Amino acid sequence: MTANRDAALSSHRHPGCAQRPRTPTFASSSQRRSAFGFDDGNFPGLGERSHAPGSRLGARRRAKTARGLRGHRQRGAGAGLSRPGSARAPSPPRPGGPENPGGVLSVELPGLLAQLARSFALLLPVYALGYLGLSFSWVLLALALLAWCRRSRGLKALRLCRALALLEDEERVVRLGVRACDLPAWVHFPDTERAEWLNKTVKHMWPFICQFIEKLFRETIEPAVRGANTHLSTFSFTKVDVGQQPLRINGVKVYTENVDKRQIILDLQISFVGNCEIDLEIKRYFCRAGVKSIQIHGTMRVILEPLIGDMPLVGALSIFFLRKPLLEINWTGLTNLLDVPGLNGLSDTIILDIISNYLVLPNRITVPLVSEVQIAQLRFPVPKGVLRIHFIEAQDLQGKDTYLKGLVKGKSDPYGIIRVGNQIFQSRVIKENLSPKWNEVYEALVYEHPGQELEIELFDEDPDKDDFLGSLMIDLIEVEKERLLDEWFTLDEVPKGKLHLRLEWLTLMPNASNLDKVLTDIKADKDQANDGLSSALLILYLDSARNLPSGKKISSNPNPVVQMSVGHKAQESKIRYKTNEPVWEENFTFFIHNPKRQDLEVEVRDEQHQCSLGNLKVPLSQLLTSEDMTVSQRFQLSNSGPNSTIKMKIALRVLHLEKRERPPDHQHSAQVKRPSVSKEGRKTSIKSHMSGSPGPGGSNTAPSTPVIGGSDKPGMEEKAQPPEAGPQGLHDLGRSSSSLLASPGHISVKEPTPSIASDISLPIATQELRQRLRQLENGTTLGQSPLGQIQLTIRHSSQRNKLIVVVHACRNLIAFSEDGSDPYVRMYLLPDKRRSGRRKTHVSKKTLNPVFDQSFDFSVSLPEVQRRTLDVAVKNSGGFLSKDKGLLGKVLVALASEELAKGWTQWYDLTEDGTRPQAMT
């Protein structure tokens, strides 16, 4: 009995037990009473009452007594009391070591520093808000941004998990049901093979591919990054793990038609969903960053050429993407900042631009398998042709704008997006019109027409999300066969709508026999303009340079970069670091308006010290008399060292339209049906291709011409009239097609909505300027121009079809702070206040009489510009979150003047709101 009691007491007094002790279970009531130290003799009558059958009162009393005894013993144990004869179990020592004498607590220094750092990070934004005098709305904005960031990262992780699940069990996922747009290419196209044997081969080779990639990162990329900048001297990859999921090939297509007999063309639909871990560190700045997952999807073309009669039967291997692939990256460490909404799309776009500079058509990776002599032609790719797209008009489009929650149907604000491979164009927006007339022309290079299509999509511009109005896809092989297509095409994926296009396939001629005729057709023989319809194509292969002089420091090697320009079109090569004998091996193309009057200007610059290392000017007329209109040699640089040369290969090709006679009942199959794609996916894809700006080497992408003047082709109106077009429509078409409007050509960012920030800040800035003006007056009489003046030159160029505005200078501006002002000029061509229509000068620091001398242009015709107003605002620039930003003055210039074609230069008075339009005086 004593042993049972001690065991029961010790179990209840076990130190460290946080839960309420359970009552020990006994076989009988006598054992239960003995365990608690009493029997029936100590409590007379208890045993008899407890054994009485059906006694509910006895049961309740027994339970109450037992609970009271347990509570009494527990209170005694907590107060240091114990029953006589029972030893109290010693308390075990606390984890973490013995207790400190005198009750002094031990504090870990790293933990304390971490806690202080977290507290500082939390309190610093609060202090900054108070110091900068910002409102509480910034806190709400930060919280919203944080929530958006977490949601974005969660969605990205969810997409990664779905993609991994699809790769692991593709058959089960397909059987459960997926959308048609998510299926691989071999499901949609019968000529695309699944080639599962290739995936099995890649899976077996994947561990060795990972070893090669790790060596590439550690032995090639890491030393290159360290040598690029002294601040990156401690850069290193701490972990390079590409992951266990191999690259997957969803379909393979081999071209057998319209292919040279000495080449093999394959299209691989690749998909990589990798749970990779790539971590990097810059020890000097305690900076850690990395990538934890990557997704990339796209169509990669592999060309085996030339086929030869000797082993290995293939001269070289060329690899490139037909268009920018889809990319998604999950960042870790410091690069988590790139997952912030707004920055995540920008970071992915920058990486895509870097990939495009090496792997997107016309850029390619060429792996020679034989001697350099046989593959020299591969490093100088010549386009198969040039596609001239006349984007004329549309009819019977859907009305997407509604009012009163859909009760009243309105019209649409249509615009078009045209894509040829990696080249994307966007038309201007026609407000509230279901039969818009654009009358715009684009020119695009076509390097690989098998497998490439002309894709056109129409959208209705809205402030929040643009609505889909229809699409069109045209096979470029059929356009090449027809040479000229001028007709109405029915829009796909919508119930109604037609689009009028004129497509011209221009052949590249290696002689100048047809040049005079081409110049006459495009009206380039009557002016010296540098833009307009193109008559020729300039192809330039930049090879290398030798014996370049040093920069400003004689002992250091320069970082050479080459800038090339023809007229107002300029392109730039990649930067080669720390060398005076750089090797570029890059290709560039320029559309030429009139080769008889235009020159190629080349300048080699030191990017580090921003100085010129030499320049060169090549008249294009020299190429007209050269053999095959091609020159390949080393050119002597001017204003450079005595032996400084640059090696280039330059070729000129005349753009010739070969017209073919067709019977009246001739049919073609140019329009093709696109695979079923969700509208949401389509819009996302287009945005991903149009977002971002080219990087430093982004000019290598095949350039496109701006929208330019049209042509007066005989019979164009009669051939292109739709069934329901009337005489008035034909008259309008003939009138509008004779003067095609100009607008930006190759675009990279689609920003249709107005600049909201400017609209919101305008009333506030005007009010602040009026208060500042009253403070300046303060009982004194101000002059005629209290806010100062601005000098502008305004004219309209009929040759370029553009409004040209030259901002010369400002004088007598007001001081925005004690140090003066940091003025710059912002312009809009009202009523267009979109961000893409904004023009800005550079900022002049700490001056009240800045000199800008900068020229800007707006693509608009003369009749239209005379109905518009030029909005010019002089503003003060400040740093990020600075209080010194504000308006210095405005002026509105009415352009309804007959002298606009001649132009004028004038000083304009600045006012606080610019509400008084000023015309030419």
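Heads up, the Cβ atoms here are built off N, Cα and C, so glycines get one too.
Swiss-Prot lists Lys400, Asp401, Asp460, Asp462, Asp467 with the feature Ca(2+) 1 binding site, giving experimental evidence as the kind of evidence. A C-beta separation below 8 Å, combined with a sequence spacing of at least six in one chain, links Asp462 (Ca(2+) 1 binding site) to Lys400, Asp401, Asp413. The DSSP secondary structure for Asp462 (Ca(2+) 1 binding site) is coil.
Summarising the environment of Asp401 (Ca(2+) 1 binding site), the number of other Cβ atoms within 10 Å of its Cβ, over all protein chains shown, is 15. Residues or ranges marked as Ca(2+) 2 binding site in Swiss-Prot (evidence: experimental evidence): Asp401, Asp413, Asp460, Glu461, Asp462.
What Swiss-Prot records for Asp462, Asp464, Asp466 is Ca(2+) 3 binding site, and it gives experimental evidence as the kind of evidence.
Residues or ranges marked as compositional bias 'Basic residues' by Swiss-Prot: 58-75.
The annotation domain 'SMP-LTD' is assigned in Swiss-Prot to 191-370.
Taking the domain 'C2 1' (369-489) as a whole, pLDDT averages 83 in the prediction. Annotated domain 'C2 1' per Swiss-Prot: 369-489, in sequence order, evidence recorded as sequence analysis.
Look at Swiss-Prot and you will find 786-908 tagged as domain 'C2 3'.
Annotation source Swiss-Prot lists phosphoserine at Ser691 (among others), citing a large-scale study or a structure entry.
Look at Swiss-Prot and you will find Ser693 (among others) tagged as phosphoserine, backed by a large-scale study or a structure entry.
Under the heading phosphothreonine, Swiss-Prot lists Thr705, citing a large-scale study or a structure entry as support.
The phosphoserine annotation in Swiss-Prot covers Ser736 (among others) and rests on a large-scale study or a structure entry.
Here Swiss-Prot flags Ser738 (among others) as phosphoserine.
The feature phosphoserine is assigned by Swiss-Prot to Ser739 (among others), with a large-scale study or a structure entry given as support.
Look at Swiss-Prot and you will find Ser743 (among others) tagged as phosphoserine.
As annotated by Swiss-Prot, phosphoserine applies to Ser748 (among others), with the evidence given as a large-scale study or a structure entry.
Sequence annotations record features per position, and here Swiss-Prot assigns phosphoserine to Ser755 (among others).
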Long-range neighbours only, meaning 6 or more apart in sequence with Cβ under 8 Å: which ones does Asp464 (Ca(2+) 3 binding site) have?
none
Please list the DSSP helix, strand and coil residue counts for the domain 'C2 1' (369-489).
11 helix, 59 strand, 51 coil
Using DSSP, how many residues of the domain 'C2 3' (786-908) fall into helix, strand and coil, respectively?
10 helix, 64 strand, 49 coil
Starting from the Cβ centroid of Asp401, Asp413, Asp460, Glu461, Asp462, the recorded Ca(2+) 2 site, name every other residue in that chain with its Cβ within 8 Å, sequence order please.
Lys400, Ser412, Pro414, Val429, Phe459, Asp466, Asp467
Residues close to Ca(2+) 1 site centre defined by Lys400, Asp401, Asp460, Asp462, Asp467, Cβ within 8 Å:
Ser412, Asp413, Phe459, Glu461, Asp466, Leu469
Quick one: pull the CA-CA distance for Asp460 (Ca(2+) 1 binding site) versus Asp466 (Ca(2+) 3 binding site), whole Å only.
5
Who sits close to Asp467 (Ca(2+) 1 binding site): which same-chain residues at least 6 apart have their Cβ under 8 Å from its Cβ?
Lys400, Ser412, Phe459, Asp460
Where's the emptiest Cβ shell within 10 Å among the binding-site residues Asp413, Asp466?
Asp413
